[in-house]
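Copied over from TrEMBL:
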- Ser122: active site, charge relay system (ACT_SITE)
- Asp229: active site, charge relay system (ACT_SITE)
- His260: active site, charge relay system (ACT_SITE)
- 42-150: domain 'AB hydrolase-1' (DOMAIN)
- 155-266: domain 'AB hydrolase-1' (DOMAIN)
Amino acid sequence: MGRVRSPHPYGQRKFITMSDGATSTFDLFEPLAEHCVGDDITMVICPGIANHSEKQYIRTFVDYAQKNGYRCAVLNHLGALPNIELTSPRMFTYGCTWEFGAMVNYIKKTYPLTQLVVVGFSLGGNIVCKYLGETQANQENVLCCVSVCQGYSALRQALFGDHVKKPQSLEDSDLSRLYMATSLMQIDDNVMRKFHGYNSLKEYYEEESCMRYLHRIYVPLMLVNAADDPLVHESLLTIPKSLSEKRENVMFVLPLHGGHLGFFEGSVLFPEPLTWMDKLVVEYADAVCQWERSKLQCSDAEQGEAALE
């Protein structure tokens, strides 16, 4: 009910042709106010599974971020938009960072002076954290990263046997299994892992999860989950908790309530469209921006004193 009155921000759709022929799209929204530190800052946003810029929670967040001085670039996952055809035999996957990386590179080239705030929701949280940890170069010009309601690891040991399957190309029999699939896991096993050349579903989930990359992220990182999230088992929350205890750049936020990308405020039946989650992400980004600005001012002051001496 809280999404009924979501705003409709206006943006421009951008198209990028990937090396394999896939057509990646993202929507670009310009800021509607000056940022609190006066700088050019872009939020690069990766939505949740099968989501895109037209989803209500994304619209609400983008509208709020624009009004607080942020440019927003929102990735539309491959195959998520009904009016954008697939131009290669591939759709979005759990941990593929190709399209997100292409969007970030576009922003860096188009706005060479902008600084980036990286934001990922649910599955998008896994993608952005994996992207940042894949190479140090991906963290250049990044002020901070925020991940909301991701699960950190898709691997479920009890579901796998000891056998290892040989690599297979996609065949007609695989497509028939796709049509009969009754779970995302069956789709991943019959189709998605084969697109990316993994021998087994176990290997696919291990390699595509951001857990192996989190320790390589050196920019400020806020990991947000809810204790009552029905999609993220409590055992998975040991991952961000342990990381935050070991790394001073990592903050783990775990309210008791919030569900999965809920975090509503207001009355029970008609909560406010703007959520605690939206405000938290923007306030954290503002704080990091102000901290970076104060560090720069202190450095300039020290250099001035040194010159006088």
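We count from 1, first residue shown onward.
Placed from the backbone N, Cα and C atoms, the Cβ positions cover glycine too.
Counting every protein chain shown, 18 other Cβ atoms lie within 10 Å of the Cβ of His260 (active site, charge relay system). According to DSSP, the domain 'AB hydrolase-1' (42-150) comprises 41 helix, 25 strand, 43 coil.
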